Structures are given as structure tokens and as C-alpha cells.
Amino acid sequence: MRGRALVLVAALLLQLLLLAAAGGAGAAATERKAHNYEDALRKSLLYFEAQRSGRLPHNQRVAWRDHSGLTDGLEQGVDLVGGYYDAGDHVKFGLPMAFTVTMLSWSMIEYGDDVEAAGELGHALEAIKWGTDYFIKAHTKPNELWAEVGDGDTDHYCWQRPEDMTTSRQAYKVDRERPGSDVAGETAAAMAAASIVFRKSNPHYASLLLHHAQQLFEFADKYRGKYDSSIAEVKSYYASVSGYKDELLWAALWLHRATGKAHYLDYVVDNADCFGGTGWAITEFSWDVKYAGVQILAARLLLRGEHEERHRSTLEQYRAKAEHYVCGCLGRNADGGADANVERSPGGMLYVRQWNNMQYVTNAAFLLAAYADYLGDDADGAVSCAGGETAGAGEVAALARAQVDYVLGTNPRGISYLVGYGAKYPNRVHHRAASIVPYKHSKEFIGCTQGFDHWFGRRSSNPNVLVGAIVGGPDRRDRFRDNRENYMQTEACTYNTAPMVGMFAKLNRMARQEREQEEVAAPARSTAADV
């Protein structure tokens, strides 16, 4: 027993050293503390209830919200009630909504047992289903998908509660004449991934989702084009800069995982070069740019041996690009110039760009954690970086955890960027509903510009706490201004929080295991001190 305990002590010391290394010099100087990942998990799932559009259910826990968008799609003769508002406004953008659901589903696929152990399985499934129920409505024909409800220009002119909306609820679709392979591909990915999640608890629903996913993928692949070329109104808000080829690969990989059918993997292998899957060396992962996610999913098939021998060579190329992303986050790519590695703030935060940088942090944390787990399944699991350096699974996992801890308050400002968590967090989130008196408390109509006049410019905290939201976060120097007008830093988005559902669940399990190990190790330290 004593020998086992001493080994555990050594393992804990090694883990602490890896965490210090992963956080960088600035983060090492920041005081580290234990975080309540279970509390963070519970709060993160509450956020999705605050973002609901449509008729709210009786078990709605975010009491300051009420029904909204109840006539969405009416002018077009289609029922588009439901879904999620993406951020602090009231447009329903299909591409980021679908990516949110994909990442929620991936969280559950990898760490669903951990979510269930924390007692949050039901809430997580509800969060996914609120999105997929909407996608079923929006996919009205095999080759037709409603991709947006509302207009960003008129919406941003007003500052209203969603319950008071007077802005346009025009709906926009993609179809054979106006293709949108990116939004259709991402929605296919979301529904395929969600079908895996619901396979045990609701097999009929899982089959329905898979049916829609397969139809949407066929539509996206057969009628190719960027959705922002078909829907001009989306260009100023969610332009598809990366194009649609990454979404086609992404959707095919999720359909392969959901069905096990070889032709989906053949598609990923056959189009690896021409679609950029084995060509693009990427250092970001987001609602727009899916290549790193594609490469990591493809590498998983290689690491776990879930492929035919004829696929090996191409999957090895995918793995090389996946490890470029991982090494870029670690700062280990010796070749490729300044853009080959992700910048770090003095406090250790991965920094990609000024506007809503936290989306890149949270998505990176998830990809790193998942890849570390995939590496752990391989006897020779290690990351090979450009220039000859290597990194083990433990180091990759430690960086993922360091990014999560930064979000939760282990940073130079000591602020949690997860709203409602800890003693210090943003109080003036750029969010219309949260910043105005709740509709249930005051049903007096608030007009389009009244919100700007009476609520937007207030220096006081928001009357409603947007629990579980992850705001845009600090700049490259770890600086942050908690001001409603500072939308680049204080606006939260659903796709910021979605990957953290899985991360909080995983880290909650790890923290529990560490406490158990510490309890075993403590007597051994005492015994060693007496020798």
C-alpha cells in the first residue's frame, strides 16, 4: 500500500509540473486554485435555456425569460418556431446554431458518462433536442433548408427583449437554385452527431435525425455553393469565409461515425486533397473553420484502427495536419513561420483574434482534450511537431485543462469569464434580454429604441444574470472591460459554451479522482516524513 501511495504522489507531482508548463510563464505566476467543475457544468447548461426561442416548456429553469418568436416562419407558410438565439440579439442564424449542437453532441459522445455522473444528463439532452427539433422543422424538403430567421441589420438597430420584438422575422432558405453546402453540411453533422447521443434513450428519434442528416448531406454535396452567396443578409454576421468543403468533410465523418457505412469514409479519403482536408494546416477551430475538427476526427479513426488498410495513407496525412493544430496550440511548430503557432497572452490564454477570442479558447480546449484521449488509446501515442519535437498525451491534456481554468478565473485578473461562476464575473454582458427588466416582472412594452434609451447605457449590472454564458473575453494582454458597449469582449455566444459542457464534465471526474488519490497519498507522505 505504501509503495502504491508513493507512486501516486509522484504522479501528482508530475501532473502539477505539466500544468505549470502548459500554462506558460505568465500563467505559472498566476495563483492556481481548485475549481468546482461540477458547478461550472450545471451553470453552462442553464445558459442554453436563456437562449431559447419559441414557446418555453413548463420545466424552464431560467425564469426571467418568456415565450418569443411565436410567429417565426408564418409569412413563408412554414413553422420555424423554436431554436436558439446565437448571442445577445434575436436573429436565428442556422450555421452557428448547428455548430453549437454538433459540439454539444460531441461533448456527450466523448464525456456523456461524466455528464450523467454529475446528474446533468437530462439537461444536456434537452439542450441538444431543443436545437434538433428546430432543424427537423427547418428541413422542410429533401433539398430545402431554412437557414435564417430575422434580419441582422434591423435587429441590431433595436435594443429590446425577445418577448417585445418588433423587428423583421423574415425567413431565408437554401435550396437547389440557391445552394448552401456549408449550412446544410453543418446541420447534417449536427443531426448525425445527435443521433448517436439519442441512440440508447430514444432510438426512434435517433433514426429520424439520421434520416434528415443523410438527406441534408446529399443536398449539400449535390448542389454546391456557399450559403452567404444565396443569403446576402448573413454576410455581415456569419460569412462563410472558409467555404463549404470543410463542412462536407465534417458531415461525412459524422455520418460515418453514426452509421459505420464505408462510403462516407471513402468520401473523406477521396476528397482529402481537393477539399483541403490534408492540405490546410490550421491553428483555429470555429463555427466557420472546421478543418482542425475534421483532421482530429480522421486521426481518431487511424489511432483506433477503425479503417480499412486502403485508407491508412490518407488518414496518416490527416493525422499530420491534426498534430499541426495541436502543436500550434502547444507552441511547438518549429517550421512554418509566425502563423504556425497560436499566440499566448502573458497569462497563458490562447489568443487568435480580438473579437470573441473565447470561442477559440473553448473549442481548442475540447479538441486538445479529445485528441489526448485518442492518443491515450495508442500504445505509442505521442504528437509529432514540425521541427522534430514531440509531446505526450499528458502534456496535451494539461494545456486543455489550463485553458479551462483560465476561463474559470485562473488568470491575471482573477475573473471568471463563465458568467455566474465564482465571486467575480462580468456583470454587464452585451445581451438584450439579460440587460432589461424581465418580461414576467414588467410586461409594459419596450419599443425598439427604448431599450437603448433606458437600459443599454446604464452603468449598473444587468438585472438578469446570464448564468453559464462565456463572454468574448480579454485581449492579447489579458485586459478586459466589463461594459455593455464593448461587444467584442462582453457578448456571449452559444458556441463558446457548447464545447465546455464536455470539458467541465471530464474535469469534474478528473478532479474527483485526484481528490481520491490525494486521500491515499496523504498517509504515505506522513509515513515518509517520519522515516
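The backbone N, Cα and C atoms fix where each Cβ goes, and this holds for glycine too.
The signal peptide annotation in Swiss-Prot covers 1-27 and is backed by sequence analysis. Under the heading active site, nucleophile, Swiss-Prot lists Asp89, citing sequence analysis as support. Sequence annotations record features per position, and here Swiss-Prot assigns active site to His430, Asp482, Glu491 based on sequence analysis.
The structure, with features from Swiss-Prot marked on it.
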| residue | record | CB count, 10 Å |
| --- | --- | --- |
| Asp89 | active site, nucleophile | 24 |
| His430 | active site | 25 |
| Asp482 | active site | 16 |
| Glu491 | active site | 21 |
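It is 10 Å from the Cα atom of Glu491 (active site) to that of Asp482 (active site). Taking CA atoms as the reference points, Asp89 (active site, nucleophile) and Asp482 (active site) are 18 Å apart.
Between His430 (active site) and Asp482 (active site), the C-alpha separation comes to 9 Å.
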